[in-house]
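Feature annotations, reproduced from Swiss-Prot:
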type: BINDING; residues: Gly166, Arg167, Ser168, Ile232; note: NADP(+) binding site
Amino acid sequence: MTNIINGRQIAKQLNQETKTRVDKLKEEGIIPGIVVILVGDDPASVIYTRNKQKNAEKLGMKSILRKFPKDVSQAEVLQAIHHYNDDPTIHAILIQLPLPKHLNQTELIEAIAPEKDVDGFNSKNVGKLYNNEEGHYPVSCTSRGIMTLLHTYLDKIEGLNVTIVGRSILVSRPLQSLLINENATVTMVSLHTDNIDYYTKHADILVVAAGKPNLIKKDQVKPGATVIDVGINRMANHYLVGDVDFDDVKEVAKNITPVPGGVGPMTIATLMQQTVDLAEWNK
């Protein structure tokens, strides 16, 4: 029998734990604060930022949405980042991606103070993760959310073969480091990989983050595998589908995430979790 991984339910439990931590911080006079920087009016980005803001407010956090027009200058966004770096009531800064092409994404992310870099994309935090350093530092919220799902449904990760389809710096690469740090054997492939089926069919855990709807079919999946679908693709009929053909692959997978309702809710719940982490680590 296939387990449908209920990301919404696990996110709900995580949010309850986060709310308890927020209440405890408030007793100490600390209100966790997050600012989301949004450039332009891309419909998907607007929805994502509103969801993040609603979740933060629901958990009792301070939440600011800093909006800029799509033709904003690099200097204006940098000025805002520096302002929030210096604001003691803000513990977490997030830049909603993607950004317009005229903006230098790397420079903006590097401008965020590492101790407020809630998505873990600043090179100092990336380096700590890559080196498996001890201590406290944020990591990619989506990647950490995936790890939470895996820990919920699997007894162990150590020793398992993992294939990640996709090589993005936002999800795939930090997830690769998190898995390696738990002694998994990780292979990363892309749509340019020859004989991609060989790698997917040998995976105990298959993570698909390629941005191509219904890419993976059941004949590409090892029977009994755990399949994590990171893709979010809006089709012509307005339905959302993942990068995995869910109805097909669920016939062979032991555990599988749906789209929507799998990884997505975990990303936002983990963002809230890490905002509180930053408030606790830096109080």
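Using N, Cα and C of the backbone, Cβ positions are placed for all residues, glycine too.
Locations of recorded Swiss-Prot features on the structure.
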residue : record               : Cβ neighbours (10 Å)
Gly166  : NADP(+) binding site : 23
Arg167  : NADP(+) binding site : 17
Ser168  : NADP(+) binding site : 17
Ile232  : NADP(+) binding site : 18
Exercise for the section: Sort Arg167 (NADP(+) binding site) into helix, strand or coil using the DSSP assignment. Expected result: coil
Handout entry: For NADP(+), whose listed binding residues are Gly166, Arg167, Ser168, Ile232, the greatest C-alpha pairwise distance in Å
Key = 16
